[in-house]
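A quick write-up on the structure given underneath.
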Amino acid sequence: MDLDPHAGVQVGMRVVRGMDWKWGQQDGGEGGVGTVVELGRHGSPSTPDRTVVVQWDQGTRTNYRAGYQGAHDLLLYDNAQIGIRHPNIICDCCKKHGLRGMRWKCRVCFDYDLCTQCYMHNKHDLTHAFERYETSHSRPVTLSPRQGLPRIPLRGIFQGAKVVRGPDWEWGSQDGGEGKTGRVVDIRGWDVETGRSVASVTWADGTTNVYRVGHKGKVDLKCVGEAAGGFYYKEHLPKLGKPAELQRRVSADGQPFQRGDKVKCLLDTDVLRDMQEGHGGWNPRMAEFIGQMGTVHRITDRGDVRVQFNHETRWTFHPGALTKHNSFWVGDVVRVIDDLDTVKRLQAGHGEWTDDMAPALGRVGKVVKVFGDGNLRVAVGGQRWTFSPACLVACRPEEDANLGVAERARENKSAASVPVAGSLSVALDKLRTQKSDPEHPGRLVVEAALGNVARALDLLRRHPEQAGFHPAVDTKNQGRTALQVAAYLGQVELVRLLLQARASVDLLDEEGNTALHYTAMGNQPEATRLLLSAGCGVDAQNGTRSTALHVAVQRGFLEVVKILCEHGCDVNLPDAHADTPLHSAISAGAGASSIVEVLTEVPGIDVTATNSQGFTLLHHASLKGHVLAVRKILARARQLVDAKKEDGFTALHLAALNNHREVAQVLIREGRCDVNVRNRKLQSPLHLAVQQAHLGLVPLLVDAGCNVNTEDEEGDTALHVALQRHQLLPLVADRAGGDPGPLQLLSRLQASGLPGSTELTVGAAVACFLALEGADVSYANHRGRSPLDLATEGRVLKALQGCAQRFRERQAGGGGGVPPGPRHVLSTPNTVTNLHVSGTAGPEAAECLVCSELALLVLFSPCQHRTVCEECARRMKKCIRCQVIISKKLRPDGSEVVNAIQVPGPPRQLVEELQSRYRQMEERITCPICIDSHIRLVFQCGHGACAPCGAALNACPICRQPIRDRIQIFV
């Protein structure tokens with residue numbers, strides 16, 4: 001039985017009392033609603049594993065059993081607060097699209113669904129049985145008809161409730177001050193992230209704001225006047241802590257469609273006609289397209305799918321009527337699943353499995369070929385493997401932008417060069433075999449292709465000058481002039497002859513190339529000098545906006561590059577992709593290092609140039625692993641070392657993501673970059689190195705001072721990431737393909753005295769290393785899960801705890817290591833405890849770890865450690881055992897120890913003034929158009945906008961002045 005991971009207990013869920021309830025009126029009575037704010041964890045005496053802490057709307061905060069001792073005290077009422085959504089499902093009563101929370105599907109009627117609110121309000125026939133879906137992936141649970149079942153009224157923070165500030169309040173005096181009341185005017189979702197997770201409150205002074213009631217597990221409000229929130233059927237709600245099973249088969253039509261997907265309708269006409277009601281309607285002509293392949297054009301606001309079958313025919317379909325033909329196509333960015341046993345099983349008969357494929361598990365790659373049997377050729381980690389599509393999951397396109405897949409660079413380069421070279425070669429062959437009139441002016445191009453200088457001169461003499469111009473000299477044959485052909489072939493004498501005959505040096509071929517482009521294509525330095533001496537345009541751009549310098553750089557022709565630079569070409573001109581020649585040189589790899597040196601020595605080069613993907617030259621060099629380019633750019637502009645792309649990635653992020661260890665060393669040692677910089681997802685370079693299992697980079701970043709306890713937007717530290725990913729990927733040092741990372745990591749683990757290191761998986765090895773360096777094994781993420789909770793295998797759990805203990809011993813002995821940064825856990829000091837782990841006795845006199853006196857030790861909250869006496873505890877701010885910030889200090893009798901010095905907080909007026917300044921600063925750097933991104937472009941008038949908005953403007957949106965120039969800034 002596979003459990004649905006999305007249906008597990010998570011902070012933010014809204015709950016009511018369940019069948020095993022024995023805690024009196026702690027919830028305010030039957031029907032009271034609360035929010036899960038903390039999950040139990042291994043080793044905690046008050047909130048052990050399989051328990052939860054609930055913040056009830058009326059104010060009580062207590063822990064309850066969610067499978068502990070086999071009991072379930074709570075029922076799940078709503079899980080929309082944790083982001084559960086059924087994307088293509090519409091409630092057939094309230095017509096809300098993208099049903100949030102649990103889905104209730106009628107077993108009698110065809111395709112009839114209700115949301116939780118409509119189901120509990122007795123919508124639809126009460127004699128019909130329904131199925132309950134906890135998530136879009138879970139297997140349905142069959143329920144009895146609602147008729148005759150008791151309904152319990154809900155009470156708590158709902159529309160109309162009277163509220164005051166609650167336990168997680170952090171909004172200053174927005175409510176008018178402590179004790180002021182407000183009225184809930186609406187319950188809504190937080191943008192598109194979560195549903196029914198925040199409350200809009202109007203306070204007594206008339207101000208209205210939105211506050212968390214379950215969003216991210218936080219509760220900003222306390223109910224002092226309950227409001228009715230509808231009803232619920234107790235028998236139909238799932239037990240909290242008993243997750244639903246995964247569907248055995250997730251069909252393609254159950255997945256959300258995306259533009260470009262290839263789909264078919266495989267239903268009978270009668271079934272399709274019934275399904276189309278309310279989903280685009282039915283047209284008899286639609287029957288003609290049943291079984292035909294179509295392409296998803298767009299998804300409508302209602303979730304229906306608009307499918308294009310040819311240039312003129314489009315139909316709107318119910319999403320359930322369509323089947324994806326193939327989820328992956330050439331160029332798609334995919335991630336290989338990291339479950340070793342599953343991949344081995346799925347590969348049988350689909351490319352098979354070899355142990356050399358192990359490094360690809362969990363990595364991101366690109367589809368380079370789709371075979372007829374549906375199997376895929378995927379480029380990943382510098383290798384190409386054949387995978388079953390079942391082994392792959394789709395990734396967002398932006399992940400590809402930051403991944404320097406070697407195959408992509410080679411494909412892009414060849415795609416840019418082969419068609420031109422190929423078509424030119426074909427044209428030359430045709431010219432050399434052409435049977436044409438010897439007197440025809442186009443014959444001059446043929447003689448140029450054959451290299452016949454004498455016959456070319458004879459042709460020019462037969463066509464005398466007219467007004468100082470030879471009419472034959474610029475005649476085209478196969479789309480090219482004689483000068484262009486001679487320039488490509490390096491026929492210096494012929495080029496000189498044609499120039500003397502006043503051939504046009506800047507005449508364009510069908511692709512916009514001049515003769516100078518042709519000398520660059522053919523690697524002809526002398527012909528290049530001749531054309532430049534004749535006054536040709538050194539910066540002429542072809543149809544792809546490439547200059548001759550771009551062409552020479554892309555083909556690696558060093559001498560031509562030198563000549564063009566000597567003649568003052570513009571090294572900063574961008575092509576159609578906004579790539580400068582230096583971008584192209586970096587893409588060419590180590591083979592173009594000499595060209596990189598030449599370009600970076602040009603006095604006027606702009607090393608801050610950014611291409612269409614938002615990569616500066618330093619970003620691009622870090623992406624491609626070009627060490628020389630990184631050094632040269634840093635020597636000119638070290639201030640770029642921490643510059644961020646739109647997604648927040650810096651050069652170090654890109655080096656860490658793509659396993660460019662030497663680049664990372666240069667950025668850290670020579671560039672002195674910030675090793676703890678974070679992107680828009682709040683990921684540090686260490687997060688990315690661990691995510692991609694780059695074992696050589698992890699120690700480098702840690703040794704450079706990277707904070708091992710930094711959390712991302714999900715609250716995950718690098719230790720969480722290590723245990724969530726690569727858990728089943730074996731750590732094999734001798735198959736690392738020359739990568740010393742696994743061997744170095746193993747040697748450091750073995751040096752610490754960790755036994756059995758050679759049998760560790762990649763995830764476990766990285767996790768143990770991080771724990772040895774001070775990563776907090778008890779750090780709870782936003783879902784309340786600590787690394788100890790994720791270490792499901794007993795051997796790994798024991799090793800992790802041992803490494804953490806070794807770090808603490810090393811710290812106590814004055815050894816090295818990175819101390820864990822200060823943090824706050826999800827526990828709250830006013831939590832009442834219902835449960836105690838059996839076997840824990842009351843405190844007795846023990847030796848204080850600080851003064852060594854025998855005394856009753858103080859209990860620290862939330863970590864629950866007793867380490868010091870009352871006198872020593874007064875001045876402590878962090879527990880000396882686990883480094884967790886202390887929120888409360890309790891004597892054995894339960895009374896609270898007062899701190900030695902109570903530092904007064906800042907005056908309210910000062911706080912408000914600082915808040916006002918912050919808002920003003922934020923407004924000054926925020927784009928005035930989308931009011932979302934930061935300003936990245938400044939216009940000549942002094943106003944600005946973000947890059948996407950600014951690129952589309954012709955006039956300043958503030959002062960209406962025409963925009964003549966855009967200056968990119970780095971904030």
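Along the chain as shown, residues are numbered 1 onward.
Every residue gets a Cβ built from N, Cα and C, even glycine.
These features come from Swiss-Prot:
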type	residues	note
BINDING	Cys106, Cys109, His124, His128	Zn(2+) 2 binding site
DOMAIN	1-80	domain 'MIB/HERC2 1'
DOMAIN	149-227	domain 'MIB/HERC2 2'
MOD_RES	Ser251	phosphoserine
REPEAT	478-507	repeat 'ANK 1'
REPEAT	511-540	repeat 'ANK 2'
REPEAT	544-573	repeat 'ANK 3'
REPEAT	577-609	repeat 'ANK 4'
REPEAT	613-642	repeat 'ANK 5'
REPEAT	647-677	repeat 'ANK 6'
REPEAT	681-710	repeat 'ANK 7'
REPEAT	714-742	repeat 'ANK 8'
REPEAT	783-812	repeat 'ANK 9'
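Taking Cβ-Cβ distances under 8 Å and a sequence separation of 6 or more, the neighbours of Cys109 (Zn(2+) 2 binding site) in its chain are His124, His128. Apart from Cys106, Cys109, His124, His128, the residues listed for Zn(2+) 2, the same chain places the Cβ atoms of Arg107, Val108, Tyr112, Asp125, Phe130 within 8 Å of the centroid of those Cβ atoms. A Cβ distance under 8 Å defines the sequence-distant neighbours of the repeat 'ANK 3' (544-573), meaning residues of its chain 6+ beyond its ends; these are 413, 416-417, 511-512, 514, 516-517, 519-521, 523-525, 528-529, 532, 538, 579-582, 584-585, 588, 591-592, 594-595, 598-599, 602, 604-606, 609. Residue counts for the domain 'MIB/HERC2 2' (149-227) under DSSP, split into helix (H, G, I), strand (E, B) and coil, are 3 helix, 41 strand, 35 coil. In this structure, of the binding-site residues His124, His128, the smallest number of CB atoms within 10 A of the CB marks His128. Outside the repeat 'ANK 5' (613-642) by six or more residues, the chain places 401-402, 404, 409, 577, 580, 582-583, 585-587, 589-590, 593, 596-597, 600, 605, 607, 649-652, 654-655, 658, 660, 662-663, 666-667, 670-674, 677, 947, 970 with a CB less than 8 A from a CB of the stretch. Taking H, G and I as helix, E and B as strand and the rest as coil, DSSP gives the domain 'MIB/HERC2 1' (1-80) the counts 7 helix, 30 strand, 43 coil. The Cβ neighbour count for Cys106 (Zn(2+) 2 binding site), using a 10 Å radius and every protein chain shown, is 18. In terms of DSSP helix, strand and coil, the repeat 'ANK 4' (577-609) has 18 helix, 0 strand, 15 coil.
For the repeat 'ANK 6' (647-677), the residues of the chain that approach it from at least six positions outside its boundaries are 398, 402-404, 614, 618-619, 621-623, 625-627, 630-631, 634, 638, 640-641, 683-686, 688-689, 691-692, 694, 696-697, 700-701, 704-707, 710, 739, 741, judged by C-beta separation under 8 angstroms. In the three-state DSSP assignment, the secondary structure recorded for His128 (Zn(2+) 2 binding site) is coil.
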